[in-house]
Amino acid sequence: LVWVLVLSLAWLAPALGGEEEDGEVVAEEKEDEVPSNELGEEDGVLVLHEHNFARALSEHQLLLVEFYAPWCGHCQRLAPAFAQAAAELRNESSPARLAKVDATAQTALANEFGITSYPTLKLFRDGNRTHPLAYTGRMDAKGIVLWMQRRASPSATLLQDAATAATFVGSQDLVVVGFFKDLQSKAAQGFYEVANEVVDMPFGVAEAAEVFEAYGLSADTVCLFKKFDEGRTDFPVDPARGLDAAELTQLLRVHRLELVMEFTNETSDQIFGAKIPHHMLLFVNKSSSAQLALRDGFRAAAGTFRGKVLFVMVDVAGYGADVLPFFGLTPADAPTLRLVKMENNRKYQMEQDVFSDTAIRTFVQAVLDGKVKPRLLSAEPPEDWDTRPVKVLVGKTFNQVAYDETKNVFVKFYAPWCSHCQAMAAAWEELGERYKDHEDIVIAELDATANELENITINGFPTLHYFPAGPGRKMVEYKSNRDVETFSKFLENGGTLPEEPPAVSEIPPNPPRDPHPHQGGPQPSL
């Protein structure tokens, strides 16, 4: 269920993140402790501090260092994957090693490398301490291993002749080959840069005339070879503009995908990682041959929107079953269609589902043109929603309460599974009790996984918004400590906090607002 939430909530809340912000923590120095530069290990991961850090850099050509905080939930979830990656790299005799630094105790190292959030991963190459490379891969064992392997060897294989190229092209379902007349050119260097970052596809490079000829090319071109759909996609290098690494990376992300992707454990990273702005979803029960046949019309419509809309099939009786509540669906609603705008998670649906390719194209284009209004989810309000100390809001009652011009309304937007929300629940209930008889202050909460609002997008949990009395529908986001006394100061001061000198804390701060709901306890990545 945790992993399903990781994936499904990318539709519900696609904010990227997964880091916890730093708090100011004072480390206690142990007296009479003799510093040592010995390199210790835990679960195959080097344990570093300021006295052995230089030695680790000098002894390891490629060193990926995780700066963590012991109290950080994201760090705790990463730890097993980090250890697994360390073991895999050692088993293959890679020059790459993994290490970790407790940044709350090793404050000198944390300051030196500008660590402000956890976990932060940095790669140190050839002992260079001044210019570490920020880690850009996935936060799982496979992703870490692939990222390190790509940096431990040439990022692209040199294809010296047509036979070598043919073997390489046929070796896997998906390969990328850069054809460059000059491998020292700026365009070729940009290609190598892309190869360094896109670690889950094999890259080859060729400059020999016979290889150009074998693939019908006469100018610098990047080719994506795939054993599905159209088989090959060419990206010619513009002689005037050159090769734009970011643009090529996105093109590869888009065109590596099948026209219709099935939502599974294996494909989810690709689906979300492509960063395509809209997802068109076909919900079917794959055990029904009649419903499965609807995929043909769905696929026929997909090619028109390649790169703008990703078409995805979701099996309501399989891996996709757990995402259904986030769309307000049950298995009995299949077959049905939904379009999701990833920027704000707005969901759109036809007035009546029609599964022909023509109808689907027309609907998708209408959404892209802004001619279709989103369908907003709303739960039913509990019978006693407005008699509790904390008012329970839903989508259909939100506006009448939050924008009541006679009330100051303080709303908690939460997810039932979010650990940070659970941690502050008692404080919020106590706040409700404190102000339940107050004439013009209302304390309320809204389950943002079951309710959607037209003009408010919730990207993390918990999010706290204050709606002051008066005209204009104003909204203030609360970003301070989540305890009753600070809440009260905020309310008594009219929606702001009085100026106070900053205090140094010797304990971890309140956990920050969850930037990435799939990691929030548990929290993509369609």
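From the backbone N, Cα and C atoms, a Cβ is placed for every residue, glycine too.
The disulfide bond annotation in TrEMBL covers C72-C75 (among others).
The disulfide bond annotation in TrEMBL covers C418-C421 (among others).
Here TrEMBL flags 7-153 (among others) as domain 'Thioredoxin'.
Among the features that TrEMBL reports, domain 'Thioredoxin' is placed at 367-496 (among others). Summarised as a single figure, the pLDDT of the domain 'Thioredoxin' (367-496) averages 94.
According to TrEMBL, the feature region 'Disordered' maps to 492-526.
Marked as signal peptide by TrEMBL: 1-17.
C418 (disulfide bond) has a Cβ environment of 22 other Cβ atoms inside 10 Å.
Ranking the disulfide-bonded residues C72, C75, C421 by C-beta neighbours within 10 Å puts C421 at the top.
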